[in-house]
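Enquirer: Before I ask anything, let me first share the structure, which is written out below as structure tokens.
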Amino acid sequence: MKHYEVEILDAKTKDKLCFLDKVEPNATIGEIKSMFHKSHPQWYPARQSIRLDPKGKSLKDEDVLQHLPVGTTATFYFRDLGAQISWVTVFLTEYAGPLLIYLMFYFRVPFIYAPKYDFTTSKHWVVHLACMCHSFHYVKRLLETLFVHRFSHGTMPLRNIFKNCTYYWGFAAWMAYYINHPLYTPPTYGEQQIRLALIVFLFCQIGNFSIHIALRNLRPPGSKTRKIPYPTKNPFTWIFLLVSCPNYTYELGSWLGFTLMTQCLPVAFFTLVGFIQMTVWAKGKHRSYLKEFRDYPTLRSPILPFIL
């Protein structure tokens, strides 16, 4: 069995960083990263990007050396991805923040509103309902992070946690300030509007959870395999017939329901910004599905059936 010689160069300077002798042909990129880490402890595998070309895409950890377009002396290029943090940690942090921040406004902790309103609750019952719905949403997200989601990538750049938390925490504070404000006025059409909004919100929350379960069941524990998601016996998953990322479709529906329920401009703005971001993600995932699977259903749209 022939062995490989592997040299790893800096993608920017082209300086040689590491030379590995007698590497097994069936060695994976993940194993090569571990070997590289031994000689450069500051670059643990999660922050390494190993490429065939200095400006090319990162190779996958599961890629096998002998299956790559390289000779017996293989040259790879290294780029430092920066400090990494686990996806679970990021999600728990960015979701726990809005939950706690909203409750601070709801319970009227001092220094938020005028002193005479400290520790008093609003007279409008929709304020209490909105707090329950908002809390339910983020408790659901926290539980899904811990017990449902399976991440194809274990880590993400540390800097992302600051960006994500600024987004989620900031919007939560902005929304909570107005919804729980002593001068808050309830929706124009009163109880009918609130009840309709609650139905939309709960329907989409159940739908979003159903999609997350369906996606989880596509990937066995510890696996990174990707499959085409199809509808299951659960009616909430039938939207897969028309949409590639129905979890985002339901997420959008939930926040539209919350906007209708509270009739609050900051909530509407949060929904709009979230919709724009989720559309970007959905289009990217839709493109990757089409590229990866030749038999991918052509009827599907990224996020909104027949529209977007």
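Counting starts with 1 at the first residue shown.
Yeah, the Cβs are placed from backbone N, Cα and C, and that goes for glycine too.
Any TrEMBL annotation is an automated prediction that lacks curation.
Dumping what TrEMBL says about this protein:
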- 5-80: domain 'TECR-like N-terminal' (DOMAIN)
- 155-308: domain '3-oxo-5-alpha-steroid 4-dehydrogenase C-terminal' (DOMAIN)
- 85-107: transmembrane segment (TRANSMEM)
- 166-184: transmembrane segment (TRANSMEM)
- 196-215: transmembrane segment (TRANSMEM)
- 236-258: transmembrane segment (TRANSMEM)
- 264-282: transmembrane segment (TRANSMEM)
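Burial and contacts for the listed features, if you can.
Expert: Across the domain 'TECR-like N-terminal' (5-80), DSSP classifies residues as 17 helix, 29 strand, 30 coil.
For the transmembrane segment (85-107), the list of distant contacts is 119, 121, 127, 131, 134-135, 138-139, 141-142, 145-146, 149, 151, 153-158, 160-161, 164-165, 167-169, 171-173, 175-177, 179-180: same-chain residues at least six beyond its ends, Cβ to Cβ under 8 Å.
For the transmembrane segment (166-184), the list of distant contacts is 94-95, 97-98, 101-102, 104-106, 108, 112-114, 117, 120, 122, 124, 127, 130-131, 134, 262, 264-267, 270, 273: same-chain residues at least six beyond its ends, Cβ to Cβ under 8 Å.
Proximity of distant same-chain residues to the transmembrane segment (196-215), defined by a Cβ-Cβ separation under 8 Å and at least 6 residues beyond the stretch ends, is recorded for 129, 133, 136-137, 140, 144, 148-149, 187, 229, 232, 234, 236-237, 239-240, 246-247, 249-254, 256-261.
For the transmembrane segment (236-258), same-chain residues at least 6 beyond its ends with a Cβ under 8 Å from one of its own Cβ atoms are 130, 133-134, 137, 197-208, 210-212, 214-215, 229-230, 267, 270-271, 274-275, 278-279, 281-282, 285-286, 289, 297, 299-306.
If you look at the transmembrane segment (264-282), the same-chain residues 6 or more away from its ends with a CB under 8 A from one of its CBs are 171, 174-175, 177-179, 244-245, 248, 251-252, 255-256, 258, 302-303, 308.
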